Amino acid sequence: MLESMSTTTQARRGRRPVFWAGITLVLAGLAVLGYVAWEFYGTTYVSKRHQHDATSKIERAWGSGRTEVRTEFGSAKALIEIPRFGKDYRIPVLEGTSDRALGAGFGHFDGTAGPGEVGNFALAGHRITHGEPLRNLPELREGDKIRVLTREMTYVYALTSDGDDLVVPFASVWVTDPLPDNPEPGGVEPAQKKGQRLITLTTCSELFHTDNRMIAFGRLVAEKPTP
């Protein structure tokens, strides 16, 4: 009898490490799922609120006569509309490409042209998470319009390539040059004419982690006073 009880106790003790190991694995799995859910859904929810707040602040500032606006996410002086993405698509452009700026809209690459200027108005935006303003970049087609609104003027650019025509490594900085010149013979690039007023959109090439970037180029085709 005592021998049987001893055997049972030893068996229970042997199961305890297995039990706690199982609990640890379950908790670790839940933590991973929680992190993934936050990255894919939580950050986008928060960033869309940031986009809305920044857009509203820009519109109010323009209404009071100010051209450039300081927001908690950075300096801003433009809004982006892409008709193919719907009539409610209006995303702020923040100066710089910090995580904070990209978490509230498009980031304007330092040192590149401003809206409507000669050169390359180069923008970055998330493809997934953090508001994902360029999630549907592959749906854009050559000729699609991008409207860039400032307080005084609205600049209309037309894409010169489809949204998914060009994928480059992360380190390919030539895409933000004043006149992007593709080092690959016959590769996608704007017309090689000086004095153009261009726009470049950059985002991740895949919906999951990747070091490659999807690029779309466009050129200015119209400008008019902002209503």
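Including glycine, each Cβ sits where the backbone N, Cα and C put it.
Now, the feature entries from TrEMBL:
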type	residues	note
ACT_SITE	H126	active site, proton donor/acceptor
ACT_SITE	C204	active site, acyl-thioester intermediate
TRANSMEM	18-38	transmembrane segment
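On the backbone, the CA of C204 (active site, acyl-thioester intermediate) and the CA of H126 (active site, proton donor/acceptor) stand 7 Å apart. By neighbour count, meaning other C-beta atoms within 10 Å, the densest spot among the active-site residues H126, C204 is C204. Following the DSSP three-state reduction, the secondary structure of H126 (active site, proton donor/acceptor) is coil.
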